[in-house]
């Protein structure tokens, strides 16, 4: 038998991933630790190395397909490794042995399942923790129907099984489900006649788009958003960047306006610490964060990513500029790691790079605030009693009204405006 390599648990609480790219094909000879594939989990791309040396027999999952942790994704001819077990691959034989060691009382549901016909060849999709939970409860997990995505079994399914609900994943139930689907399909052809006038195509929702959608819905459903919009004369900031742009270039740094905004935001978070918290309503707690990590929303071909500048308060403008540029390149190339996209305490979203001005940015939950920056545009302003043209920056600050009051939000906005209006203050107060 070939060694069946299953999608491992790659951490971050992610139970599935999209196979973005295969680096091997049937017949390839591989060594241990060679990269087999790239898997998109949540918002990061993770390289999956081979745990064994051998010859690839068959790639089981095509590119663009979502696989669940524990699914066989590739078969490798590696005779010395056939019996090896890896994280995300539970040995189902243990689920048969352990329940036998425990004699459950006659009234408990598991005893009833002993007499039920269970397909032992059935493929089970379940996390290792769920398999362990089933064994502890004395349940043969192959007898449980999965209600999760792609039929994945959850702890709730095990509990339902114990309580007598949806007891088995029998062939009869599968057949009835299939019959129901077949019965419903005749309605579909009715839309075919409209194809000539109103053509439509469909595609699977990519893993990243699903992750973005889930995060946006969760944020808007959880946090009551309030957005403040303002603008600021940034002539001094413009001149300051122009003055140091060449010096930065000599050091290999591409200086933009964004690092200035990062430093101004960090200063505001320190002055108004309510913006640097998380509001945990379920636990009845407010989490105060004594570190300042700034997320930078980045637009890529695959969707929105938010790499994080860690400990931004300890870094110079040049250092922040370099880090933002490096993270942006990684984001575009799909090389960001999960660690590079977690831990933000507040986020900046730059719609100005796309030519926008004011907008209502969505909070990157569980953060409680997000600063949106628009484009810098020449506008008429009143200065010393005269109307003059000046570069003006649009700012939008969204915050969670459960934690931040309107006055606090506006005071934080005013502080940011003050620093960007006079960037030398960043050295004194930032």
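For all residues, glycine too, the Cβ spot is worked out from N, Cα and C.
The domain 'Lipoyl-binding' annotation in Swiss-Prot covers 2-77 and is backed by sequence analysis. DSSP assignment over the domain 'Lipoyl-binding' (2-77) gives 0 helix, 41 strand, 35 coil.
Marked as N6-lipoyllysine by Swiss-Prot: 43.
Under the heading region 'Disordered', Swiss-Prot lists 80-122 (among others).
Residues or ranges marked as compositional bias 'Basic and acidic residues' by Swiss-Prot: 84-104.
Marked as domain 'Peripheral subunit-binding (PSBD)' by Swiss-Prot on the basis of sequence analysis: 125-162.
The region 'Disordered' annotation in Swiss-Prot covers 164-200 (among others).
As annotated by Swiss-Prot, compositional bias 'Low complexity' applies to 177-192.
If you draw a 10 Å sphere around the CB of residue 401 (active site), it holds 14 other CB atoms from the protein chains shown. Swiss-Prot lists 401 with the feature active site.
Counting residue by residue with DSSP, the domain 'Peripheral subunit-binding (PSBD)' (125-162) contains 23 helix, 2 strand, 13 coil.
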